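K.L.:
Sharing the features that TrEMBL gives for it:
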- A:52-78: transmembrane segment (TRANSMEM)
- A:85-107: transmembrane segment (TRANSMEM)
- A:127-146: transmembrane segment (TRANSMEM)
- A:158-178: transmembrane segment (TRANSMEM)
- A:184-207: transmembrane segment (TRANSMEM)
- A:240-257: transmembrane segment (TRANSMEM)
- A:278-302: transmembrane segment (TRANSMEM)
- A:322-350: transmembrane segment (TRANSMEM)
- A:371-392: transmembrane segment (TRANSMEM)
- A:398-419: transmembrane segment (TRANSMEM)
- A:426-443: transmembrane segment (TRANSMEM)
- A:463-483: transmembrane segment (TRANSMEM)
Amino acid sequence: MLANVDSAAFAVFLVLFILVTGMGFVAARWRKPETLAHLDEWGLGGRKFGTLITWFLVGGDFYTAYTVIAVPALVYAVGAYGFFALPYTIIVYPFVFAVMPVLWKVAKNRGYVTAGDVVRGAYGSRGLELAVAATGVLATMPYIALQLIGMEVAIKALGLSGEVPLVLAFLVLALYTYSSGLRAPALIAFVKDIMIYIVVIAAIAIVPSKLGGYGAIFTAADAAFAAKGSGGILLSPAQIVPYASLALGSALAAFMYPHTLTGVFASSGGNTIRKNAMLLPAYTLLLGLLALLGYMGHAAGLKLASNNDVVPELFKTLFPSWFAGFAFAAIAIGALVPAAVMSIGAANLFTRNFWKVWVDPKVTPAGEAKVAKITSMLVKVGALLAILLMPTQFALDLQLLGGLWILQTLPALVFGLYLTWFSSTALLAGWAVGLAGGSWLAWSDGLKPLHGMDFGAGKVAIYTGLLALVLNIVVAVVVNLVLKGLPQARLSREAA
Amino acid sequence: MIRLLLLLPFIGLMIVPFYNIREPYLFGFPFFYWYQLAWVPLTSLLTYIVYRSVRRAG
């Protein structure tokens, strides 16, 4: 297991990992509440996180370890197209600024913890609540698995082999999330994000000087794509609509996920969220520069077994081993924060919108916290088993579908904040058709995120999730119009 | 009305054919890259302008 390990890198990695583990357990006493046996405390950290903590927490769980590995890998493989993550993580913030403070206010005033709570409050519909909650849990599971893939890449880069290190790291994560709740990833996010900033700034400052500057890096990437005969440092005409629609669809989906919503609900107020919409783009700048590591891989002439190795290999080739160890620790720790918040978000949904509604309506706040703690554990074990037992591609495919699914909860969650026109039946119908139709399209396209559409002027490929959202909204509008035409439906709605 | 400023990043980044070009270069970056990167601080600035008016309004 330890045959190919560089001792300096491993020592740095181990020290940082132990430090963070300690912080995870100590976090239970950080900003100490009267009791952790309440979902507001365990699952939302008391709803008191100010601008700085929210910035680290949301930044830490939105820009995940997998992002650090996968975005440069995609850019390395296909070029400009992989950059859609940049417009995506820019336009998401005006949306967050406009919508999330409204959502926070509703949640705070009524004591809501999850998207499911908000939907039930707005429409009084158990069905719609369950639909939103189940979609959230299902979409989050593969996302957690993805974090494990990121961690796996970092552990492998360190020279460790076998699955024992991954299992150990995850066990530690599960235990401190269980005991400290959202406080653990919030505290660890400080360390994780500062480490990631150091790593990326070092990379973008030092690597270009070793490779002859940014001009030379773009030239090298251009030549590599030309030699390969695919990809390029600009988009091909056929990639333009996919690029824009993936950016837009991903931006709309991003804050429908339980983990990002948990970050929003846990903040101390609307202005905290607004200030974060202003400040979080700092991470986007980092992501954009990080994506360029893919091109640096070409400029450095790396020979890779897998595209995902581009970041680790770049660090191993161009930096001293202790700093490579630091970078791998940053990535592995970077996986812990989102994995923890995701499992907490999923656990909150399960507890509030399934357990409390269908199993034990009289559950006490302490009971809720207990159920959520156990669920967070199970969710993580499930993700771990999925990674250990199933092919990696399975998690990637599910993650793709997960993005499409979570986007279908947008009308139910967001429309009710502004309009009272839609009925729950119409939104439920839209959700069902969007979810089923979108999944079917993605499935029939071989689990690719793009669907070819013919508008008469040749085929254009569009992000399937966005198509499904359009279908979803159209169905909701039509069903609503039909229902409004039926007087008895109106009566029963007024009675509800 | 000032809230409409928040739509500018959408417009600026959805007009992909406009910026899918190499020139002019900046610090070795083709236009495609520095144009999109420039929208990051610009979006923060626009958000700040809107934030100031919203905060004052209550």
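Each Cβ is built from the backbone N, Cα and C atoms, and glycine gets one as well.
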K.L.:
Please figure out which one of A:52-78, A:158-178, A:278-302 racks up the most CB pairs under 8 Å against the transmembrane segment (A:371-392).
P.N.:
A:158-178
K.L.:
Find the member of A:85-107, A:127-146, A:158-178, A:278-302, A:426-443 that has more C-beta pairs under 8 Å to the transmembrane segment (A:184-207) than any other listed stretch.
P.N.:
A:278-302
K.L.:
Using a Cβ cut-off under 8 Å, which residues of the same chain at least 6 positions beyond either end of the transmembrane segment (A:127-146) come close to it?
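P.N.:
Same-chain residues near the transmembrane segment (A:127-146) but 6 or more away: 64, 66, 70, 114-117, 119-120, 256-259, 338-339, 342-343, 345-346, 349-350, 352-354, 357-358, 379-380, 382-383, 386-387, 395-396, 398-399, 401-403, 405-406, 408-409, 412-413, 424, 427-428, 431-432, 435.
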K.L.:
Cβ under 8 Å, sequence separation of at least 6 from the ends of the transmembrane segment (A:398-419): give me the contacting residues as numbers and ranges.
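P.N.:
The answer is 99, 102-103, 106, 115, 118-119, 122-123, 128, 131-132, 135-136, 138-143, 145-146, 249-250, 252-253, 256-257, 427-428, 430-431, 434-435, 438-439, 442, 447, 449, 464-466, 468-469, 472-473, 476.
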K.L.:
Who are the long-range neighbours of the transmembrane segment (A:463-483) in its own chain, taking Cβ under 8 Å and residues 6 or more past its ends?
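P.N.:
Here the qualifying positions are 242, 245-246, 248-250, 252-253, 403-404, 407-408, 410-411, 421-423, 425-427, 429-431, 433-435, 437-438, 441-442, 445, 448-451, 453, 489-490, 493.
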K.L.:
Any contact between the transmembrane segment (A:322-350) and the transmembrane segment (A:158-178)? By contact I mean 3+ C-beta pairs closer than 8 Å, pairs at least 6 apart along the chain.
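P.N.:
Judged by the Cβ rule, the two regions touch, with the required three close pairs present.
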K.L.:
Which of A:85-107, A:158-178, A:240-257 shares the most C-beta pairs under 8 angstroms with the transmembrane segment (A:278-302)?
P.N.:
A:85-107
K.L.:
State the non-local partners of the transmembrane segment (A:240-257) in its own chain: residues 6+ outside its ends, Cβ under 8 Å from one of its Cβ atoms.
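P.N.:
Result: 62, 80-81, 83-85, 87-89, 91-92, 95-96, 99-100, 115, 136, 139-140, 143, 264, 342, 345, 403, 406-407, 409-410, 413, 449-450, 460-463, 465-466, 469.
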